[in-house]
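Copied over from TrEMBL:
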COMPBIAS  9-27  compositional bias 'Low complexity'
COMPBIAS  176-185  compositional bias 'Low complexity'
DOMAIN    28-155  domain 'ALOG'
REGION    1-31  region 'Disordered'
REGION    147-185  region 'Disordered'
Amino acid sequence: MDSFAEVESSNTTITNNNNNIMSSSSSRYGNQKRRDWNTFGQYLKNHRPPLSLSRCSGAHVLEFLRYLDQFGKTKIHTTICPFYGLPNPPAPCPCPLRQAWGSLDALIGRLRAAYEENGGKSEMNPFGARAVRLYLREVRDLQSKARGVSYEKKKRKRPPSLQFSGVTSPSGSGGNNRSNISHGV
């Protein structure tokens, strides 16, 4: 078990590395990643018993995600709710507010990146643990059913295929070739 001093120095290292590495990134994404990383560091510091980043596992990440649920703003209907499966319920209900799956998924993505930017090895990244991926999939499926919203992967738009109608322009290209247009005065 780590002593408080070890955890404190570990969290100081997280913050110092974070400020050094991420300060150059002033994008909205970079700022959010830094805030998320600091929040997770604070969570580890306040954990009982306090926890160092090196001892953090996928189970601790899941504990953190469940902790964040209390601050959620997305109504997730329970199976006994009459509005279960309805995307736009007609009346209020007592179902709990939770973190939306998309928010959790984006958070884990930012924390995975921050972990590696702060010197963590990708093969030891607790945010990429199998348990975390399975939890996110379970949350997605549960919320999809509860809210009547599907979370299908977005299909990539393919560029429109060229369709030839059999009629060609004088240049033979079949398109709008401006070089073949004469401008009479």
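Each Cβ is built from the backbone N, Cα and C atoms, and glycine gets one as well.
Helix, strand and coil counts from DSSP across the domain 'ALOG' (28-155) read 77 helix, 4 strand, 47 coil. This prediction places the mean pLDDT of the domain 'ALOG' (28-155) at 90.
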